[in-house]
């Protein structure tokens, strides 16, 4: 009797299945609806059967089950079968409704389970990252403490316990606080160092550095990594810490931007006296300015800074027929400089004689940029609103190459050591590097800015700095096309505000009529100088040009009112 229950249950399920099978249409597989029975005693939904017969060839009317002839007129409605099928259909609907009601309760718990699992995994990952960062900080603190101990002579470890001595730590911390009081600009930088500091992913607990594995000559890293490889990682990390400290030391050398000399605008009769460009000649004796006043002014720098109680006057002044947008001195011929103007003309001048010795009238629109090659004294490049870069040889009267770009060219600059390469900044928010031997397309495209690129300048052979009217500067690896750092803090949304580089220092103007100085290692400005009485004053004026004096701490910058100032980074 005990075995009869399951057998009886199985027989009941089998009978249930057979009954449902008989009540289902062979064509649609669902319970019969408006059932009809053929002469061969097979039942179908009336609609399904008639549709099937219509789809058969015109000379055939065969039963879909047994393939015997079907007389449509002889089809019989089967009301009883139809009624039974409707009961089973209603029963099935009721069961489905009950299942949905039960599954709704389960769905809530399932969703909650998924949420909890996902959130837990996310928090565990965050916890791992926090632990890894704390380990990195601990390990680097040990390195920095050792450096401080060696430089100050203050021992940080208790010789009896081998642990950090709290009293000695307090002494060194007090010294750090006192020293930082003398460098307020460094204190202001502390919140921004989070973006500068790179956490060590290979950091291990301090206990592992002094534990049995280390004492036995093994490595605290898992997986049996050779101790030589571990030591290499430690050495690289120590070098990184030393490099960060050196950068901060270099930053600390300068406290502020100091005004040395002011050169007021001498173009009082001009509606606009904007200086578009400033540059030093190759031997750094002279600097030149050019702008919308259609004048090139040459100054003797030594006279300007030494006779600061008189208004400095140019030693030579050259006039031109169009507004000037840019200038660049020849790096090998100290008396030669090139200019670009609003009519698209590129000119080469001999400042000793005051003569315009070459003219290239090939651009169809305004030329914004001109640049001499650093390595070949005869090569010259220019960029224009007509979307082209022109390459000239001063030995010829016409350009030797035209590079077609996809947008207005705002800036062009030769590579510092290889005259085959030029960098181009365009209004399509991108910068390009071209190999002039195959100039049909760029070898590198630098994408990331959100607005036009107004300046592009090499800071190293493989590093390019770009300035954009999206209020940012970007440092690029020109080999990989990767953006290494974004510098922001100044305001630049409309005008050309000047850009100048010296080693790791970057000077850029702002539309708040201020000059900002960055260090390339930090993404926020370190120093700023305002042309107004207070920061942000004279907002209708802006910095229009800037230039470092090579191998010095002097910076020249000009405001849009035509006033020029010589600043020193002290």
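In case you wondered, yes, glycine gets a Cβ from its N, Cα and C as well.
Quick look at what TrEMBL lists:
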- 25-67: domain 'RING-type' (DOMAIN)
- 337-359: repeat 'WD' (REPEAT)
- 360-402: repeat 'WD' (REPEAT)
- 446-486: repeat 'WD' (REPEAT)
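The residues of the repeat 'WD' (360-402), classed with DSSP into helix (H, G, I), strand (E, B) and coil, number 0 helix, 23 strand, 20 coil.
Residues belonging to the domain 'RING-type' (25-67) score a mean pLDDT of 87 in the model. With helix defined as DSSP H, G or I and strand as E or B, the domain 'RING-type' (25-67) counts 10 helix, 8 strand, 25 coil.
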